[in-house]
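What Swiss-Prot says about this protein:
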type    : residues    : note
BINDING : Asp8, Glu57 : Mg(2+) binding site
Amino acid sequence: MIFGTGIDIVDITRFERFLEERNTRLFERLFTIHEQEYCAGKAHSAQHYALRFAAKEAFLKACGLGLREGLTWHDVEVVNDSLGKPDLRLYGKAQQLFADMNLSKTFVSLSHDGNFAVAMVVLERV
C-alpha cells in the first residue's frame, strides 16, 4: 500500500554556481561522502548533485516530515544499482522513522531537462 509520494524540482544552475564558488561546506552538509565522490566523478556534476538534492527533498515530502524530528541530510543517501537505477539508503533517524512508520520500500525516479532536475519518491507501507 502506498504511504506517501513526494516530488521536488531543482534548478541545476544553482548547483553550478555552488561548484564555481567552491562551496565545499554546503556540499559536505547536504551530501554524504559517497554522493560527493559519485557526483564529482561525473562530467555534469552539478546535474547529479541537483538530482540527489531533489530526491532527498522528495523523500522528506513523501514522509510528511520535512527536515525535522532530528533528521539530517546525511540520513538519506541516493545510490544507484549496477544498472544505474536510483534508490535511497537510509541511516540514523531516517532509518528509525522508516521502521516506526512501518514502511517497507522506496521507489525513486530521477530526470532532468535543460536547467531542471526533478525527483519523485514513493513510499510503500507493509
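Every residue, even glycine, has its Cβ placed from backbone N, Cα and C.
Residue environment of Asp8 (Mg(2+) binding site) contains 21 other Cβ atoms, counted within 10 Å of its Cβ in all protein chains.
Take the CB of Glu57 (Mg(2+) binding site) and look out to 10 A: across all protein chains shown you find 21 other CB atoms.
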